[in-house]
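Below you'll find the structure, written out as structure tokens, and then a few comments.
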Amino acid sequence: MKPLKMQSFTISLFAILLLGVCHVSPATPASDKEKKTTYIVHMSKSEMPASFEHHTHWYDTSLKSVSDSAPMLYTYENAIHGFSTRLTPAEAKLLESQPGILSVLPELRYKLHTTRTPEFLGLDKSADLLPQSDSVSEVIIGVLDTGVWPESKSFLDTGFGPVPSAWKGGCESGTNFTANNCNRKLIGARFFARGYEATLGPVDESKESKSPRDDDGHGTHTASTAGGSFVADANLFGYAAGTARGMAARARVAVYKVCWVGGCFSSDILAAMDKAIDDGVNVLSMSLGGSSSYYYRDSVAIGAFAAMEKGILVSCSAGNAGPNSYSLSNVAPWITTVGAGTLDRDFPAFVSLGNGKNYSGVSLYKGGAILPGNLLPLVYAGNASNATNGNLCMTGTLIPEQVAGKIVMCDRGVNPRVQKGAVVKAAGGLGMVLSNTNANGEELVADAHLLPATAVGQKSGDEIRAYLVSDPKPTVTILFEGTKVGIQPSPVVAAFSSRGPNSITPDILKPDLIAPGVNILAGWAGSVGPTGLATDGRRVEFNIISGTSMSCPHVSGLAALLKAAHPDWSPAAIRSALMTTAYVTYKNGKKLQDVATGKYSTPFDHGAGHVDPVAALNPGLVYDLTANDYLNFLCALNYSATEITSLARRDFTCDASKKYSVTDLNYPSFAVNFGNGGAGEVIKHSRTLTNVGTPGTYKVLISLQSPGVKVAVEPETLSFREANEKKSYTVTFTGSSMPANTNSFGRIEWSNGIQIVGSSIAVSWTQ
């Protein structure tokens, strides 16, 4: 998902999710009924008439039956069975009525969700526990994003052996990119633009490369976070100096460019997933998302189902729409959904006022302009503008005569944070204090500002504004303190990290877990400055940005490590290991905190907890799942045979004599929803644990203290005598009357005295 470092084109690019955007010739505007938009056509391959030798001929004939001129943008072989094309609404409706057509769905536009991390996660101290480099180098991480800057040192292949023999991918040429840009580290690079171009017209190659090359920086950052090589002396303007490395530094990387200046289109995303499955990736990392929808209408969920069946773990960002409830993206249970937390590293820059008071802030500024040692005049942007939104420091809203030579206080919101600083600088201001408002609270995200600037929380901002009102000649300076580590408490859940409950399937708890996603240092594109603004002429090899876009590739890389250590594990087993070993308390025993509230975080915020990769390598027990388990889950959702076939690419009919239940899905967490106040309501969840460790006996511990629910586990002890042995248990939740919209949280933990297999519980009372 788009990092919180916002780019100059962010508002036009990602501010809104559009359905079926059309590219209409301005000379001959068509009526709405005649406009052509992109549709993804799902076919029932088993219904292909015998008269056709190949399914692509059948697809072509079906399309021509409704339009002689409609282009075939893509045909899909793996992610779905079908194709994408451009049709009018009337043509789409006619096509959907044809035999063998499961659905004709309008294309969606997705948006991007946007070092010390290895040390923070304990990877530097546990080399003897990690899989050998030879096994890791057989694992391939596929990254769907804005492409790659292949010259980044993060993709050097020094010390790498031959490309894995199972790899079937390629390295495509295009603008500013050739096959020679790939190597034994970056083993694949492809780009997908047909859906984008069909909607918005040809890629403007004067602004971005029609090739796998990354002109944005986001894709290079995510790819190097997941699997970047070791790079000594990495830093951003001296900040966060040290050795940079991806989570799986010896893994191979393959990039699939699906995001462009105009967005990321579902027909292109599906084509990339289709190709990645065929190429032979082991992990798919996708830091993008859109609005949640039913799984059979969600292209990412559909493609991820196909990937899961091929043994590929799909890791997706949860979204940057927090701290609002029900704000998650990518909630399908076969997707690993990743939220964001902080590191124990910060970049302090203090606001020092003329009244002697100091306020802590953060900044990555380090440029040519240096503030004088003395205090400078301070002005509030809202008082130096004639615009009603002058406090936001929007382009052209500041009066130069009132800000020249002063430090300007701007409020956060609407336009990118770094752009506010550019506006102040253009008006003659010498510096900026950027204040959070109620929407962001106390969450601080550091930026590489174009002028001396720092960001402060809402409480500090309110006090600084009060000082501005009370003092007729307010003054200020900013003190930059560099990089500080050991910040506590850490991690805390980032305020921007999207939250549950799960709006599509409330009985599946999401997000799955959190990982580092705030102020992350990783590789960057050489054609764009660290702010992404067109006016930013600085060029850097590494950048520090934030978002669930950054937390997602952390988990993708860690999943690659687990895949190398346990090649026979399924995607569900890998996710289970990451979830059941995640931690929900600090070393001092206190619960994880949420920066948005300043209180304890809940499973709706952190899921299973914060990832602990060293513990995940040896989880003891796992909750495993197969494709058939997910099909039964779809039956429990009362999906029709057509809807299931669209999603699973096979004929599958739910057994009318069988009782299906979502609570039977063998998920590593528990979401319980009582209706009508919950009085006397009984909800049962069944689970099965598989032994992936040594023989032993595990006893259960329940920690959920609420007058509204009683929890019982049967049996309370599970004994395992051999590897891969399975044992089942049932959890019974008995509700009592509670007010609507009440939530309670707890955990179920199985322990053999050494290992703890933990599961989060979220209990909700609805009307």
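For all residues, glycine too, the Cβ spot is worked out from N, Cα and C.
The domain 'Inhibitor I9' annotation in TrEMBL covers 38-113. Taken residue by residue, the domain 'Inhibitor I9' (38-113) breaks down under DSSP into 21 helix, 28 strand, 27 coil.
Taken from TrEMBL, the feature domain 'Peptidase S8/S53' covers 138-590.
Residue environment of ASP145 (active site, charge relay system) contains 29 other Cβ atoms, counted within 10 Å of its Cβ in all protein chains. Summarising the annotation, TrEMBL assigns active site, charge relay system to ASP145 (among others).
Within its own chain, the region 'Disordered' (203-224) is flanked in space by residues 2-3, 7, 112, 114, 141, 143, 145-150, 152, 154-155, 171-177, 181, 189-191, 193, 196-197, 244, 246, 253, 255, 257, 259-261, 285, 287, 520, 522-525, 527-528, 532, 543, 545, 549-550, 552-553, which lie at least six positions past its ends and keep a Cβ under 8 Å from the stretch. Residues or ranges marked as region 'Disordered' by TrEMBL: 203-224.
Of all the Cβ atoms in the protein chains shown, 31 others lie within 10 Å of the Cβ of HIS218 (active site, charge relay system). The active site, charge relay system feature in TrEMBL is assigned to HIS218 (among others).
Annotation comment: TrEMBL describes 377-464 as domain 'PA'.
What TrEMBL lists as active site, charge relay system is SER549 (among others).
Residue counts for the domain 'Subtilisin-like protease fibronectin type-III' (664-763) under DSSP, split into helix (H, G, I), strand (E, B) and coil, are 4 helix, 61 strand, 35 coil. For 664-763, the entry in TrEMBL reads domain 'Subtilisin-like protease fibronectin type-III'.
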Spatial separation of ASP145 (active site, charge relay system) from HIS218 (active site, charge relay system) - C-alpha basis, Å: 7
Distance, SER549 (active site, charge relay system) to ASP145 (active site, charge relay system) (CA atoms, angstrom): 10
Other CB atoms, at most 10 A from the CB of SER549 (active site, charge relay system): 34
Tally of DSSP helical, extended and coil residues in the domain 'PA' (377-464): 27 helix, 22 strand, 39 coil
